[in-house]
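Here TrEMBL flags 25-48, 69-90, 116-137, 149-166, 172-194, 206-224, 236-257 as transmembrane segment.
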């Protein structure tokens, strides 16, 4: 047992303290992974166990105003980061390769900008956890699906590890896609929280389609360098990005089919009944 503990400790220290990118070690929440693991575990315990049990015999909390502010903050933060990445990576530096983009581990402006982009994106994924907390407080436990919880918790862990080991390079496109989608998504949520559900409901279907396009392109983006075999980007992270994109694409596709096929059939049936009444 002592040998096993010694082995785990040695490899843990070697991985997260000796092999990590030292440029981000001073940033809040970017140090030891134990704190991030603790946050994710607390999140899972609350949204799956303690939260639903706490709300069992209580009325839903009125957090609508808080949600409006939250959606507005998310929308502004995501579009700001999206525009910053676009401007710096594609216009200012003008050297991003979609085929294979290595990581700049230097302390140059380019290298440090990519570290701070990665850090800002990681903080946004931490903020995303509040989505599920609001569902629980409003007693909308049906929204706390496997897809939702898996995606939110794994994105926190993934973005932390990316910040520590691969801050930038080929993985930047993930942040670019995701911030764009989230900016649009939280704009939709903001409109809905203002009572515009009837006018903005059509957004949801096309927003999900945009998410599907995102994961298809990310699977191609991470899979392409694997096929070429000569990309100077860690292959583990290329494989991880490719497999995650495929897996989450499958989950979102399943959600899309179950949600919108049922909705389309319901609308068709309703229209058929209305036509029948008019004929009668």
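Yeah, the Cβs are placed from backbone N, Cα and C, and that goes for glycine too.
Just so it is clear, the model here is predicted, and its values are computed rather than measured.
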Report the listed stretch (69-90, 116-137, 149-166, 172-194, 236-257) having the maximum count of Cβ pairs within less than 8 Å of the transmembrane segment (25-48).
149-166
Do the transmembrane segment (236-257) and the transmembrane segment (116-137) share at least 3 Cβ pairs under 8 Å, sequence separation 6 or more?
no
Within the same chain, where does the transmembrane segment (116-137) have neighbours whose Cβ lies under 8 angstroms from its own Cβ atoms, ignoring anything closer than 6 residues to its ends? I mean 6 or more beyond.
24, 27, 29-30, 39, 43, 46-47, 51-52, 55, 60-61, 63, 66-67, 70, 73-74, 77-78, 81, 84-85, 88, 143-144, 148-149, 152-153, 155-156, 159-160, 162-163, 167-168, 171-172, 175, 178-179, 182
